[in-house]
Amino acid sequence: MVHFGQYILANRVPGWEEYYIGYKILKKRIKQYAIRAATASDDERDEIIHAFSRLLDSQIEKMVLFLIEKQGLLAGRLQSLRERREIFQEGESYADDTEQAVTESSEEFDTIPHLMSDYRQVGVELLQLLNFVELNAVGLHKILKKFDKRVGFRLGAHYIASRSNHPYSQLQHVFRQVGIKAMVATISRNLAELRTLGLNTYSSTISLYHEAELPRAVVEQEPIIQAIETATDRLTQKLSFAAFVAHELLLPVPKDEIHDLLIKHEDAHFMSIQLNLLNTFVYMVNYYIVVPSSDEYATLLNAPASLCGVIIGSMPLAALVSAFVYSWWSNFSYKSPLLLSSLILMAGNFMYALALYFNSVWLLLIGRFLCGLGGARAINRRYISDHVPVKELTSASAAFVSASALGMAAGPALAGFFNNIDFQIFGAPVNFVTAPGWLMGVAWGLYFILILLFFKEPNRDHVIPDSKQGSKSKHSSRSSSRSKSLGTIDDIIPTMSTPLLYENSLHPLHLEQNKEGDVISDDGDDSTISDYNDDKAVGNFAELMKELTLPIKILLTVYFMLKFTSEILISESSILTGFYFNWSTPQVGLFLGLLGLTVLPISAVVGNYISNIYEDRLVVVVSQVIMGVGVASIVCFCPWLPYTSYQYVAAAIVIFVSTNVLEGVNMSLLSKVMSPRLSRGVFNCGFLSTEAGTLARTMADGLITVTGWAGEKNLLNYSMIPTFLIVVVTTIYTWIGYFSLY
């Protein structure tokens, strides 16, 4: 058994020892803090966290400054080599007569190998620098994990997120090896040009910018370039920014890198991703397109206008059930459930449209219920989370959020265009209340065809290796030896072309083995148990309840509250605006469409400004307070005075904007406090948040229906006062567990 502390001591580059992370010192400090934390008050907890964070900051600063210094020295040597090469080429151009040409030719073949050797030597030292970065990064991972486990505070994700997002972040030098990649490009280009020049085949300048990657010939013919590229790719995967944080995104980011093994660095299928995003957009349009006209549809069917709550709410109610089925089904297939969901949605929308022809409220409700059963958002989330490469995951997640927001805005806006439509299809009316059903039925039929033709089922033929057997079989074949003095290419290439912490170390916190096959553990912390087995997906409800810690319960409650408030605001808007302000369906649609469009700029502000300056937990509390102010402001306090549209619109904007700010930050914080066991499987972070939000929508729509029986004049107060109480209780609950939200 080799402890990681011993491993890092044995594998440091001679002369660089003082610049590595002080792993032993940090371990001792964690032991001291663990003793203090057992009886610590809230203030003492904060003091421990801030003190340890400052200590880590100092260690990272030491490492990063050394990294920058070494990069500068290597860049200086490359600059010197560039000047030497220019002098050599200038001398070659003046070779006029044959005798001089012969002399220059001999010098050429004497000089080119020398220049190539010098470029390779810079590559060797660059490889040492990559080794330095990787070893320190693994040490940082292990120290943060050890602190969370021993001290009992969840510092790891918060520390990485806060330091990575800061505009003057030193940790970004670890995440993004921009300087190193620039030097790799310089070495590759010069070696390629010198090689062709030596073979008398040099005809034009080689440009790396014509290709997205390094030329294959250079990589294959130059072992040092191949080793650097392998090490850089491996380091990029381990230090992927998306693997640590996903601000304002609704998708859970995998907290292990088994994801990378499964996709084997293949590019995600472009059309499949676009079809998933299209599904999200069309579904959100389908959900909200009936909001402006649902109360009038109920009236035309001789039902009370307040039935709109049931009409809208029947869709999320059905989605509560279908989400379980689709989450389970996605373990085996994506295409089949997407095809089935399209057919269900198509049938549900046509039933919704035909309800007026048959004069049946039940047909309308069944149609909306079927639309909920066809909701495949769980599949959309799962596909993007599991089958998009890490380098594309953040952009794909952002696109998912944008598609949802645009669908939310487009639905009510489209409803406004149906106001003047009135014709028949084989006797069935097509007007402003039935047109949404006809349109969405056709849309899902077209989507069915697109899935059938263009969706590609992802490769599922990958098996995660057993942590005990796989590691032994893989590494028993490794015969490369590690030299402490990495001074020559022959010494360093065999070592660096294989992972520093080998393939069974899919995550820096997993067990590793050294060249003798000894396990590299976390210095006595569960050293015989792999993290992969500890972090297996939750398999049943009992295991799920054990994983729901106080921070997770708080954040899921907050998510329920914000979705409940948002649904109350949107679903009853058509009734309230018609009763108080006599707004028409197009006016309601325009209002809701403009309200929905605020999601995109708010997400940008949260992601680029608010989350970089303030702690997530602080933003969560402040957003809840602002939301409470908005809900209180929208209530009609004086029934004998006229209720103005200015009061309603201003309060609605405050509520909607605060819910969107809260949603982004809340989901970001939720992804940090979730254990790795809740990052995959059926009971994952995305599934739990989806269920919480869907339940909230269902209950909100039910409240609208119940309170609507008291009359339209009482609907506003009877629905918003309970909503205000829910916001207050949730805010108090959040404040109680405020210091656990790391």
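Keep in mind that glycine also has a Cβ here, set from the backbone N, Cα and C atoms.
In TrEMBL this protein carries:
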{"type": "DOMAIN", "residues": "2-161", "note": "domain 'SPX'"}
{"type": "TRANSMEM", "residues": "273-291", "note": "transmembrane segment"}
{"type": "TRANSMEM", "residues": "303-326", "note": "transmembrane segment"}
{"type": "TRANSMEM", "residues": "338-355", "note": "transmembrane segment"}
{"type": "TRANSMEM", "residues": "399-418", "note": "transmembrane segment"}
{"type": "TRANSMEM", "residues": "438-455", "note": "transmembrane segment"}
{"type": "REGION", "residues": "465-486", "note": "region 'Disordered'"}
{"type": "TRANSMEM", "residues": "550-570", "note": "transmembrane segment"}
{"type": "TRANSMEM", "residues": "590-611", "note": "transmembrane segment"}
{"type": "TRANSMEM", "residues": "618-642", "note": "transmembrane segment"}
{"type": "TRANSMEM", "residues": "648-670", "note": "transmembrane segment"}
{"type": "TRANSMEM", "residues": "715-736", "note": "transmembrane segment"}
Counting only residues 6 or more past its boundaries, what in the same chain has a CB within less than 8 Å of a CB in the transmembrane segment (550-570)?
154, 288, 291, 312, 592, 595, 620, 624, 627, 631, 634, 652, 655-656, 659, 662-663, 666-667, 669-670, 673-674, 678, 688-689, 692-693, 695-697, 699-701, 703-704, 719-720, 723, 726-727, 730, 733-734, 737, 740-742
Sort out the residues at least 6 away from either end of the transmembrane segment (273-291), same chain, that have Cβ-Cβ distances under 8 Å to it, and list them.
297, 308, 311-312, 315, 338, 345, 349, 352, 368, 371, 375-377, 379-380, 383-384, 388, 396, 399-400, 403-404, 406-408, 410-412, 414-415, 436, 439-440, 443-444, 447, 450-451, 454-455, 570-571, 573-574, 588, 592, 596
Could you tell me whether the transmembrane segment (338-355) and the transmembrane segment (438-455) are in contact, taking contact to mean 3+ Cβ pairs under 8 Å with a sequence separation of 6 or more?
yes
